[in-house]
Amino acid sequence: MDLEWMAWTAPTAGFFVVIVLLLAAYTVWGIRSPSLPRRGLLPMATTRGDRLFVGLMGSAFIHLAWVGLTDASVSTALVLSLLFMLFIARWG
Amino acid sequence: MNKPTNQRAWLLVLPVLVAVAFSAIIPLMTVVNYSVQDILGPEQRVFVGTEWFRKVLRDPELHGALRRQLGFSLAVLALEIPLGVALALVLPKEGRAASVCLVLLGLPLLIPFNVVGTIWQIFARGDIGLFGVVINALGVEYNYTSNALDAWLTVLLMDVWHWTPLVALLCYAGLRAIPEAYYQAARIDGASAWATFRFIQLPRLRGVLTIAVLLRFMDSFMIYTEPFVLTGGGPGNATTFLSQYLTRLAVGQFDLGPAAAFSLVYFLVILLLSYIFYTAMTASTSTTGSKEAR
């Protein structure tokens, strides 16, 4: 199947592969060990999947803020995002 | 105690996911790919990393459009939700009058968006339009083609006219679903009309109000056709909202890379605000539900 029209690049392909792997891993995890909603630092009860969603959305905004406000490399934003996702997954 | 959720039910949603993948996810992935490249031609592309995001996020025109958009969407919610609830409360409950009112109320929803814009373009004109002529006759200087505030208020009024019926119809359906026993209990307790509304009708409307708020927020945040036809985004940029700015970028200037980056920022803002609205409203529903259960 020719996917040339989608204008793929290596970084965007890597990005989507990571997202798909994350979703697949969380699905398998969810089937094997269903999660109960719990309250952490976030102001609502969240399941494991909710925290992944909040973590991914927060990461997107961390990157946007980084790109919009600084001229520094986005790799720092990537590290901050990973830390944020881990923080939300554990304590969110 | 909460029971663990059975995640296997998600497999049943698979056909829908496949349909959504073809209609939404694959195009969205293409937009992500475009957002990091300079598209010179169908076969000529250059990887530019985050350059387009940097450009659009520092664009003062985008900041202006975003401010106007947020102001517009909040004004739409502040007007249409209470007005829709009020209309639903005063509508006849049954009989021929109820049918007639429902049909009349639903009429604006049947009119295509571009026709709504054209109707208001004529209706609000100061020389031949009924609304414009009446406002001017009352001694208020009104001209939506040259005055930014008039243009903004006209677009807002048009949206309220077009979409309040949707909120009213949703609330009407919600009100009709409340069992009569609740009203009987309220009458026995001698509850006032306000107390009945506050403690019976409003809590029971939370579900439909969540849907109404989300629909109206997302729809008003993506508004394009009506203001485009009515004011063309003017005077100046007074009624240029995000989608109009995006169209100018993508179709007018054919800047596909920056337009794709802007689309993603736009998408993320809608996603974030919708998630906040949804979480806030469903959280308050579950709080009310648990209080009622006690």
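Cβ from N, Cα, C; glycine included.
Keep in mind that TrEMBL annotations are predicted by a computer and have not been checked by a curator.
As recorded in TrEMBL:
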- B:12-36: transmembrane segment (TRANSMEM)
- B:66-277: domain 'ABC transmembrane type-1' (DOMAIN)
- B:70-91: transmembrane segment (TRANSMEM)
- B:97-116: transmembrane segment (TRANSMEM)
- B:151-175: transmembrane segment (TRANSMEM)
- B:207-225: transmembrane segment (TRANSMEM)
- B:259-278: transmembrane segment (TRANSMEM)
Residues of the parent chain within Cβ reach of the transmembrane segment (B:207-225), under 8 Å, 6 or more residues beyond its termini: 69, 72-73, 76-77, 80-81, 84-85, 113-114, 116-117, 159, 163, 166-167, 170-171, 173-174, 241-244, 247, 269-270, 273-274, 277-278, 281-282, 285
Tertiary contacts of the transmembrane segment (B:70-91), as residues 6+ beyond its ends and Cβ separation under 8 Å: 98, 101-102, 105, 152, 155-156, 159-160, 163-172, 174-175, 197, 201, 205, 209, 212-213, 216-217, 220-221, 223, 241
